[in-house]
Amino acid sequence: MLQVREAWKEAVGLLKRVGVVSPTREARLLLSSVLGTDPSRVHLFWDFSLEEEKLKKLHALLKERARGVPIQYLIGEWEFMSLPFYVEEGVFIPRLDTECWVEEVILSLKKASARELLLCDVGCGSGVIGLSCAFWVPQVKLYGVDISERAIALSEKNACRLGIENRCSFLKSDLFEVFKGQNILFDAVVSNPPYVKTGDWELLPREIRFYEPREALLAGEDGLSIIRRLLLEGASWIKKGGLLFFEHDPAQSELIRKEIEKLETWEYLYTIRDYAHKDRATAVKRKE
Ligand code: GLN
């Protein structure tokens, strides 16, 4: 039988050999998943022997990882805005860069004095954006929409995990379609829509292309097909003075500014940069 420490060393070696960027971190994450403990507690098991069954499970996970399956899908959860979320194959994996602008959204929502804030997360995926806003800002009542049924089910599961399901509804919908005929206007809308150009698909890392859902990434020839719809259709679903925050590619920043000017329904507020100091999200306000 192998000690946990030895199993970890073996895992680090293998992950290094297959070119994983953070082998020590990933080895810890895989071990924590096998041991059923938090990653920060793995060292408490250092001198324990790893049961045969668990070692087998670790080897199976390492094999999958070596094939290129994203670590998030293997361990089945990921942290976003300091909160734990389930993730699963078929649903877009939350990105660190998204946190940069979601932090700003949370700050703006916290400034609002209304007793209730209606928030819509368009293309919610695993629900991380809307749910972290709802978790950190108790006045938020969240509607999450997505065309993928898997995403809706996962978002619901995540709302329950955070214990805020009574303030959250998730609906299968193509953007705002499901609200047609309803008398609803949002205080704010947030979205990490697909924004990759069709022609850039081949340039994406294998790990993304082979395992993440295409419909969460691709958005036509210039990657702006969904963002254009968000700006156009969103205007009918956001209160005057309400906010729209959405993620995009840094190279799309200028084009988006032009789209905003063309429409005249939005006041451009600011652009938010990611950890690489690149323009990653834009904030606009529905004109009064
Ligand atoms: N470039 C982003 C990524 O792969 C695309 C995300 C998106 O389309 N929303 O992480």
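Yeah, the Cβs are placed from backbone N, Cα and C, and that goes for glycine too.
Counting only same-chain residues at least 6 apart in sequence, those with a Cβ under 8 Å from the Cβ of Gly125 (S-adenosyl-L-methionine binding site) are Val91, Phe92, Pro94, Asp146, Ser148, Ala151, Leu154, Ser155, Asn192, Ala216. Residues annotated as S-adenosyl-L-methionine binding site in TrEMBL: Gly123, Cys124, Gly125, Ser126, Gly127, Asp146, Asn192.
Look at TrEMBL and you will find Asn192, Pro193, Pro194, Tyr195 tagged as substrate binding site. Applying an 8 A CB threshold to same-chain residues 6+ apart, the list for Tyr195 (substrate binding site) reads Leu217, Ala219, Gly223, Leu224, Ile226, Ile227, Glu247, His248, Asp249, Gln252.
As annotated by TrEMBL, domain 'Release factor glutamine methyltransferase N-terminal' applies to 6-76.
Per DSSP, the domain 'Methyltransferase small' (118-199) is made up of 31 helix, 24 strand, 27 coil. The domain 'Methyltransferase small' annotation in TrEMBL covers 118-199.
The candidate set comprises the binding-site residues Gly123, Pro193. Of these, Gly123 has the most other Cβ atoms within 10 Å. Cα of Pro193 (substrate binding site) to Cα of Ser126 (S-adenosyl-L-methionine binding site): a distance of 13 Å.
Among the binding-site residues Cys124, Asn192, Pro194, Tyr195, the residues whose Cβ sits under 6 Å from any atom of ligand 1 are Asn192, Pro194, Tyr195.
Each residue in the domain 'Release factor glutamine methyltransferase N-terminal' (6-76) gets a DSSP state, and the totals come to 53 helix, 2 strand, 16 coil.
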